[in-house]
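According to TrEMBL, the features are:
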- 1-29: region 'Disordered' (REGION)
- 1-20: compositional bias 'Basic and acidic residues' (COMPBIAS)
- 22-146: domain 'Peptidase C39' (DOMAIN)
- 185-458: domain 'ABC transmembrane type-1' (DOMAIN)
- 185-207: transmembrane segment (TRANSMEM)
- 213-235: transmembrane segment (TRANSMEM)
- 291-315: transmembrane segment (TRANSMEM)
- 321-342: transmembrane segment (TRANSMEM)
- 496-732: domain 'ABC transporter' (DOMAIN)
Amino acid sequence: MTPDDLRPPETDDAEARRDPPQNTPEPGSDLAVVVWMAQRFGLPFSADAVMARLPSQLNLSDPHPLARALGAIGLKTRLLQRDIRSIDPAVLPVLVWRKSGAPVVVQAVAQGGKLAQIIDPSQSPLVQEVPLKELRRDLQPEVMLVTRDADHARRMMAPDSAPAPDRGSWFWGPVRANWGSWMQILVAALLLNVMSLALPLFVMNVYDKVIPNLAYVTLWTLAIGVGIALALDFVMRILRANILENIGRRVDMTVAASLFRQAMNAQLLSRPGGAAGIASTIRDFEVVREFFASASFVAVIDMLFIGIFVAALFWVVGPVALVPLLAVPVVLLLAVIAQLPLGRSAADAQRMATKRHVVLVEALGGVETIKSVGAEPVMQREWEAAVAASSQINGRTRFWSNVATTGTALIQQMVSVLIIVWGVFLVAEGQISIGALIAANILAGRVLAPLGAIAQTIFRAQYAVKSLAALNRFMALPVEQETVLRGNARVSAGAVRLEEVTFSYPEAQRPALKDLSFSVDAGASVALLGRVGSGKTTTGKLLAGLITPDSGNVLVDGVALSQYDPAELRRGIGYLPQTPELFTGTLRENLTLGQPDARDAEIAQALYFAAMDEFMAEAPDGLDMFIGEQGQRLSGGQKQGVALARLLLRKPKTLFLDEPTNAMDQRMQGQIIERFQELNATGVGLIVCTHRQSLAAMADRLIVMDQGRAVLDGPRSEVLDKLRAMGAARGGA
């Protein structure tokens with residue numbers, strides 16, 4: 001590959017070269033079904049905004065991503081296993097799937113149910129009429145009902161009348177969605193506990209009926225019966241474990257997606273504990289999931305059926321059943337007493353686990369800096385202190401847990417002894433048989449078995465509850481992007497205007513911006529100059545919608561930022577931060593991160609404008625070059641070039657570049673200035689944020705900022721003359 005290969009193709013149509021693809025998909029595209037549904041229900045639609053709420057690989061042959069896409073525009077869906085003939089015409093339109101996996105909208109049924117009008121994005125024309133019989137032969141037996149979200153509609157028309165969102169719905173919603181499987185688990189638990197009566201009844205009958213009478217036929221009959229019961233017990237336990245695992249997997253998939261989406265959508269200034277703290281909070285979901293999929297949770301379910309064994313005990317040995325019955329509250333009391341120290345340990349354990357995770361993530365992420373300043377001993381001390389504190393808490397937890405478990409085991413043994421002692425007297429009086437006494441001992445064990453690790457179960461439940469509370473707080477963080485599209489505004493030209501904007505960072509002593517006002521026309525080139533801390537970077541974050549002003553207005557194309565969906569805003573206003581991030585993978589994967597369908601010609605054009613063409617020409621692996629973790633195999637200037645090309649691939653209307661060349665050499669910086677002037681000539685607006693006057697060459701207008709205000713604004717030559725005059729005056733003084 002040569003530099004000439006990477007130059008943009010010559011064209012007379014500059015507008016075509018810079019304009020992004022249209023947001024509205026044409027028939028035949030993946031989102032055509034969603035587009036039609038949005039139009040059918042009169043809802044706003046934006047391809048970029050919808051795709052921002054979905055995984056990058058949209059597979060509409062799977063109903064679940066399609067349901068998420070429809071949910072993003074304010075529609076509710078319900079998937080049914082039905083034949084299309086059984087659907088009431090009143091609920092049309094509905095979604096069905098061809099056997100090939102392609103989604104189809106059934107819009108109407110005519111001619112007495114013989115003809116179906118369908119919307120098929122895989123074929124042209126989009127709207128077709130086909131015989132219903134022919135359509136049925138090509139359909140899967142699934143139908144998706146689609147209706148408007150009533151809560152969303154109420155929020156749009158009367159926000160105060162909409163029901164408040166359930167803070168825990170992100171978790172309990174998916175859990176409740178599996179209610180059928182939960183019922184199967186309860187039924188399985190009931191059957192398992194009933195079948196558990198087989199063994200003690202078998203023992204009782206052998207001792208009471210078989211041995212005294214040497215009834216071998218009865219023995220074999222009972223043995224076969226109990227063998228069948230034990231085999232069924234084995235099968236039922238396997239099935240119950242499998243159902244529980246399936247529930248866990250489905251909930252895990254849904255909840256994990258919600259947690260990651262919240263991590264991406266949470267407003268930057270509302271994130272507690274930074275990236276490491278958020279990662280630790282999300283990791284807490286594993287504690288919740290493992291509790292619901294563990295033997296402890298199964299034991300909790302089995303506790304619901306203790307009454308079966310108590311009733312069997314009263315039937316077999318009468319008043320002797322009072323012994324295990326009275327032992328149950330004693331065991332529970334012991335567990336509750338143990339929870340006083342265990343409850344405190346649960347909170348401390350969660351806090352120390354978070355601290356360990358934060359120390360580890362920060363140390364690994366900054367290992368180069370740690371080595372360069374010789375901070376290994378400091379970080380080692382931090383890590384060992386966190387581990388020591390965590391080990392101490394875990395040791396305290398294990399001690400009290402062992403006390404409760406050992407105490408429960410002692411109570412179980414005492415129950416066994418008391419049953420035998422009392423039972424001997426009843427046997428001597430002829431009130432019960434020896435077989436009944438042995439069976440009673442087995443049944444008493446079954447009564448207390450679910451309580452064997454009750455203290456540990458309660459502790460794990462407490463830990464799960466605290467983790468769930470932390471996750472609820474995380475899920476309640478304010479987000480920049482609502483789940484449902486809130487508007488249809490699009491950036492058409494890229495003109496920006498700030499009106500008396502004031503902004504302060506949390507706990508800051510003074511505002512970062514104070515009554516800042518200026519405007520930039522579409523296609524203009526402007527440089528923001530100023531010292532470090534003058535508010536230039538904050539201005540860029542405001543324009544990109546990453547933060548919101550405390551007061552004043554920020555408008556793009558004359559429309560307030562609040563009317564834009566964040567995905568649409570950032571499609572039109574491209575923002576390059578001071579320290580752009582690269583990710584583990586190849587150069588191509590990093591370049592196409594926000595534009596996965598970019599063609600090689602578009603990538604080459606973006607690399608040219610980013611002054612990365614010479615580097616690419618010399619790279620042996622080209623776009624398949626592996627750049628390492630966070631782009632470690634690239635220099636600082638190359639990282640900036642890759643990030644710049646990645647931004648250009650999205651073809652924004654206006655670019656806000658925050659110190660875009662601070663890691664580049666003079667030659668590369670000169671190429672950037674020259675090529676961005678060429679890019680600006682095609683109509684792309686430029687706002688360059690810098691403290692270097694050398695970058696001002698790419699701008700026609702300069703705005704000088706100081707302490708959050710615009711102190712100078714005008715043509716480049718005039719502002720530079722004023723700055724030189726001010727510098728000369730200070731030098732003379």
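Even glycines carry a Cβ here, placed using N, Cα and C.
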For the transmembrane segment (185-207), distant same-chain residues with Cβ under 8 A (at least six beyond the ends): 218-219, 222-223, 225-226, 229-230, 232-233, 236-237, 239-240, 243-244, 247, 298, 301-302, 304-305, 308-309, 312, 316, 433-436, 438-440, 442-443, 446
Long-range neighbours of the transmembrane segment (213-235), counting only residues six or more past its ends (CB under 8 A): 191-192, 195-196, 198-199, 202, 205-206
Beyond the flanks of the transmembrane segment (321-342) by at least 6 residues, Cβ under 8 Å: 306, 310, 313-314, 396-397, 400-401, 403-404, 407-408, 411-412, 414-415, 418-419, 422, 440, 443-444, 447-448, 451, 454-455, 458-459, 462
